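K.L.:
If you scroll down you'll find the structure; I have some questions about it.
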Amino acid sequence: IFGHTHVMTVHTFFILPATLIAIYFVYSKKLWKQEKVFVFLFALNFLLSLWYAFWFYEGWLPLTKRFHFMDTFNFARYHFLRPMVIYASFALALKIIYLQGFNWAKTAKGLAVMQIILLCFFNDEII
């Protein structure tokens, strides 16, 4: 939930709710075409997480034995792209939320500020 050991994303408390609120607006208001970058990043984040979750699963062994490149190339390295995907999604989610009206604009600003404050507490150089 907090991210990988080497790539601490700290996305649980504010980024995840913002992303889910934004995907709700995209779905309910049928904004798929206007927000296709956000939808793509949402799907990419899901796929990167799914890929990394199954990468160490022993059920993959027959597949990696059959296709040699899957055994030699470390696909798990793509998981390190995930923080960029998460924060780009967060920025687009904030934009989507912001455009939903005055109260939602205040919510988007609050989420951004609270995420920055939260990140300060997770920064090793500040603590």
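Here the Cβ of each residue, glycine as well, is placed from N, Cα and C on the backbone.
Residues or ranges marked as transmembrane segment by TrEMBL: 6-26, 38-57, 80-99.
Situate these features within the shown structure.
P.N.:
Counting same-chain residues at least six beyond the ends of the transmembrane segment (6-26), those with a Cβ under 8 angstroms from any Cβ of the stretch are 32, 35, 38-39, 42, 79-80, 82-83, 86-87, 89-90, 92-94, 96-97, 100, 108, 111, 114-115, 118-119, 122.
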K.L.:
In terms of Cβ proximity under 8 Å, which residues at least six beyond the ends of the transmembrane segment (80-99) contact it?
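P.N.:
Residues packing against the transmembrane segment (80-99) from afar: 3-4, 6-7, 9, 11, 15, 18-19, 21-23, 25-26, 31, 35, 37-38, 41-42, 44-45, 48-49, 52, 105, 107-109, 111-112, 115.
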